[in-house]
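Copied over from TrEMBL, here are the features:
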| type | residues | note |
| --- | --- | --- |
| REGION | 1-85 | region 'Disordered' |
| COMPBIAS | 9-31 | compositional bias 'Gly residues' |
| COMPBIAS | 48-62 | compositional bias 'Gly residues' |
| COMPBIAS | 63-85 | compositional bias 'Low complexity' |
| DOMAIN | 85-178 | domain 'PH' |
| COILED | 291-318 | coiled coil |
| REGION | 327-352 | region 'Disordered' |
| REGION | 367-386 | region 'Disordered' |
| COMPBIAS | 375-385 | compositional bias 'Polar residues' |
| REGION | 723-754 | region 'Disordered' |
Amino acid sequence: MSELRAAGPGPGMTPGGPGGLITTGPGGTCGPGPVTPLPSPGPSAGKGDAGGGTLGPGGPAPGGVTSTPGGSSSSASGSTSSTSGAAREGWLFKWTNYIKGYQRRWFVLSNGLLSYYRSKAEMRHTCRGTINLATANITVEDSCNFIISNGGAQTYHLKASSEVERQRWVTALELAKAKAVKMLAESDESGDEESVSQTDKTELQNTLRTLSSKVEDLSTCNDLIAKHGTALQRSLSELETLKLPAESNEKIKQINERATLFRITSNAMINACRDFLMLAQTHSKKWQKSLQYERDQRIRLEETLEQLAKQHNHLERAFRGATVLPANAPGNMDSSKDQCCSSKGDMSDEDDDNEFFDAPEIITMPESMGHKRTGSNISGASSDISLDEQYKHQGEDTKKEKRTRIPHKPNYSLNLWSIMKNCIGKELSKIPMPVNFNEPLSMLQRLTEDLEYHDLLDRAAKCENSLEQLCYVAAFTVSSYSTTVFRTSKPFNPLLGETFELDRLEENGYRSICEQVSHHPPAAAHHADSRHGWTLRQEIKITSKFRGKYLSIMPLGTIHCIFHATGNHYTWKKVTTTVHNIIVGKLWIDQSGEIEILNHKTNERCILKFVPYSYFSRDVARKVTGEVLDPSGKVHFMLLGTWDEKIDCFKVNPSLENGGDSRLRTHETEDSRVVLWKRNPLPKNAENMYYFSELALTLNAPESGTAPTDSRLRPDQRLMENGRWDEANAEKQRLEEKQRLSRKKREAEAMRATEDGKKCPIFQLDSLLRI
């Protein structure tokens, strides 16, 4: 049997560890280019230096030498590639501070992440830093230095040992970045995955790769044992049939060689099994320990946050008790009204009052004062069955009296964190929530609230100048957010097929209808017509994510507004709504983002910017700025105000339009200011009625003649409005479960119809009267 021998070290090199890795000695240097590791001899060779080349599982494969799956090449500077699944790893010098300067660190590039450690031994337990290359910039400074930055939060100033080494790193980083960007583009950001850090995922993937390589080693050893065992058995069988001594000596020598190979591969198998077992046990203990640590950390975090929330609420109560005016103090009624209607910096809190308010009597309407329907149809299409005919006896009703109050909100306390702690990163519409966090209106009714300032569209319809018309449309867009400033409760999620109709043709000249057309994802269609010459329609899908400290609500869909006289067709989208202080403190709402309102007929547009609130900004809270531009991009009007109070319009002087400071001075002059919109004051005692506006108070008022699917007929919503929250929670749970079962039934029937090659059946949705 031939022996395997490694070549000796070349000039200027010294042999490495037992694994046979060739590295530069203290006194020697490598020639140009990377040094290739030489294979180590026989099964008796040790494990070698980490990252060095070793013989495969203990012995030679037939016909040559095999290397471990983890084997890699090493350069003179100590960097390697393709080790344990890493794209590249090795030593680099990292700038730390002006005192210590550059310090030697071990860097690992893997799965689009660049991590570093103080030493290679630290890789198993302590990572000093990680930067995601998908959002990073790579800049080369000189022959050896380069910089990696992700925009300010993390910046690594690195130095390689040579220009060649720097170029290898930069090339590997650029390739990894391109791959990471591609993977990021293909990934779904709205998935409901568990919030596991990228570092933990990478470490887990590396562990699985290592274990997989060990399994492959075991498989290779098993094949070798089977092969050499078969050959040895065949030789022993042949030996029994031999009679001549000369032939026997030759066969005995051959048997000895094969027995030696079998013993070598058997020892390699034993060693590989031992390594695999030790590695599996080590990682199992490590992950069990990490899992227990995370469990303990989560429990401690929950306890800490709950205690902090209790302390915060206690301090708030103490502060309110020390500063609130006595009940009999003069002017107390006026001050309460001012608190409700003003105060830009105050944020609403649903549980501000610790008193329990008995629900007052509701102003009930006689049956004869029912819902009066008009003969017009919103869509303009004819219908075989007219609800107007069904309830035409109500057409003779007199003008309805609008209610001005609803039962006061009960002061029921509930630990919000106990419900929300398991919702981080998830779609909130899929999580059942008690009515304690709701307001007695559905999402369809909230959409209808956008028409509270319909007079802005009425005035826009009278404008002959399309740019002036665009200013009023922009003011209408901003006005739809004014009802959200104190409204921190969520509306009810509509059931599939639920509708809401608001007929205000007699009073205000418009009529509106909404329908829930999809349940998951939640989607609604809204259409409104006005006698004053405009049509508004929108399709809205709501997506929401709970991020721990805040809740983000992202409306998707486009809003269309068409003016009949001019044919001007405007479209825009809504901005993101953020609810802050979910865990600790007062809930408060902010709107942020940018809205572009486009006139498709003239290509004129308005850019509205909702400035996010910042503690460090000197700007007024809830600020909104806007510019009205013609098709060439020239600014004609400037808009300025807040989304919770008012919007002013300033005409830009054409002679000064090109100067930024001059334009600012022009639109700040009082003589050019026009108040487009100003918020209506809230009703008296609005803080006890969910901060509803005058329109909102009327939306859920019981009316006869409504469609069977109208939101006013929802039993859980009605129970909540009447203060019977326990019954409302039970009813809400029943409705959601019934809808869930109904959806599964429809899906099963549709699937059977598809498999049979038939048309999907038409389903009759349950009315809210029978549900």
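Positions of Cβ are set from backbone N, Cα and C atoms, glycine also.
Remember, TrEMBL labels are computer predictions, not curated facts.
For the domain 'PH' (85-178), the DSSP-based tally of helix, strand and coil residues reads 24 helix, 44 strand, 26 coil. Helix first, then strand, then coil: DSSP counts for the region 'Disordered' (723-754) stand at 30 helix, 0 strand, 2 coil. On the 0 to 100 pLDDT scale, the coiled coil (291-318) averages 78 in this prediction.
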